[in-house]
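Pulled from TrEMBL, these are the features on record:
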- 7-26: compositional bias 'Basic residues' (COMPBIAS)
- 41-50: compositional bias 'Basic residues' (COMPBIAS)
- 562-574: compositional bias 'Basic and acidic residues' (COMPBIAS)
- 429-507: domain 'BING4 C-terminal' (DOMAIN)
- 1-130: region 'Disordered' (REGION)
- 541-608: region 'Disordered' (REGION)
- 344-378: repeat 'WD' (REPEAT)
Amino acid sequence: MEMVPKPRSHAPAKKDRLRAKRKKPRRYWEQESGASPGPPPKKRSSRPARPRSSQVLRRSRISRKAQVPKPERRKPEQTLSGAQDPFPGPAPAPLEVSRKFRRIDKSKPLPSPKSKTRSRLEAAEAEEEEASVRAARSELLLAEQPGFLEGEDGEDTAKILQADIVEAVDIASAAKHFDLNLRQFGPYRLNYSRTGRHLALGGRRGHVAALDWVTKQLMCEINVMEAVRDIQFLHSEALLAVAQNRWLYIYDNQGIELHCVRRCDRVTRLEFLPFHFLLATASETGFLTYLDVSVGKIVAALNARAGRLSVMAQNPYNAVIHLGHSNGTVSLWSPAVKEPLAKILCHRGGIRAVAVDSTGTYMATSGLDHQLKIFDLRGTYQPLSARTLPQGAGHLAFSQRGLLVAGMGDVVSIWKGPGKASPPSLEQPYLTHRLSGHVHGLQFCPFEDVLGVGHSGGITSMLVPGAAEPNFDGLENNPYRSRKQRQEWEVKALLEKVPAELICLDPRALAEVDVISLEQRKKERIERLGYDPDAKATFQPKLKQKGRSSTASLVKRRRKVLDKEHRDKVRQSLEEQEQQQQQQQQQEKTKPPGTRPSALDRFVPQGDPWGINWCLCLLS
């Protein structure tokens, strides 16, 4: 049975029905009705047609006047919601701050050499300008500014008490002044970590503790049941070195003993070199020992040959160790050399304390002759200033901004200079403070205006305005870093570790060429090989064809080359003689005034007596 096809209806097909069901995608800011609350779309403005009859003056392609390009107007970028940036463009940089970082003087006009050289100079000047603007913008992040304590109407700042300073500062700064009464286990030695956040203290009667002194949170506290002579943080606050009565011990921040280094015995003082991962120890036996804490090996053990070593300090600039001796001298040591790099006679009596500032320029020493001296370490090693103290200073320390503190009995005196790069003035003290016991340890806290003092009665934290750098480098010494950040920093520091052989007086000398040792190596190489491999080879003429390589022609070519070399040598020697004669003539012409002419002046050679110019003409 055949089915008759039904007539097509006007209803939409299946695809058409699906298209009709689909709706236009609606954005999140559009309403259900489809109206958009944002700004209406911009209409393109039609440019008016230019009439044909109007004559337009065409400008020449090469104009006499310099064409100044018009500044481009950047359209404000619109976000998806239609809102605009209220502060478009780069952040503005203050002009005065950018001038401080500028290294090119723009007041001087550029020279007018070739166009290519001038374009390079202009490009370098533009790059320098951009760098100064970036440095000025980055300085906006350094919100803290250094400052000092100033008295009113000529008031002496040394008479201002710590209680007055605590009342004048804010609550957070006032909390940094405290006293720990630990008379039972004193006297105390103390040490701050490189970040300035943690404090380690060790008592003479075996008390060892580490704490976060900002939050007053105790990390560990133990009693080693043995005399503690010195204490020192290693590269981070997680490890602690303690010089006990017999040997050197390493503890972690939980008070667990990790190592006992028996090769370092009877240690009196400790210093840690952070960029070399070296722990320097001075002992009663007169040995200076360098221990590499990254691999646990002793790099060098040097005999100072000066008896008991109890005075030691490091130069933060070049990592050189300064040792004070009982004969009034200070010796400078490096693990790469078995003998001292330099010896300085500082006092008539024995040395009691040594300190070096952060720039490595000045060294302060105190001796049994009650003298406090400041020396210049820039090659001269001469005293710049001296002061006689009533009791003599037993302990010295420099701050990050160049303040000098001296501990004299139970009194602490601080001196400051006119600037950071200048030595402290010893005429008038900046601050003084009396403690409850005799001083046994001093150190300024990094990045905090705080001075930590260890004495027989415990620990005292003093406020010293203007002592530390107000801003820190978050990638190097971050006091707020987490445990993961500290671990990453340790890995990077180990990869950038400086070898101990590179410690020297002048670190800039590492980039120079040692000419003396280079010539010595060359001589040794010639003696070992029997000939000079770098010597100029004898001339061997090339073989030519068509009878031009006969024996006579080869000899002629060799002789020609030899004659040319000989002429060059003769010309050089004659030029040197001529220069010497010209110098002699100039010296003879400059006779002292008032000399009378002599009859023998006629025999003085004048002009060119030996015909040197004539010989040079013949040689050329």
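Quick reminder: no glycine exception, Cβ is built from N, Cα and C everywhere.
The average pLDDT the prediction assigns to the domain 'BING4 C-terminal' (429-507) is 92. For the compositional bias 'Basic and acidic residues' (562-574), the DSSP-based tally of helix, strand and coil residues reads 13 helix, 0 strand, 0 coil. Here the domain 'BING4 C-terminal' (429-507) is broken down by DSSP into helix, strand and coil counts: 17 helix, 22 strand, 40 coil.
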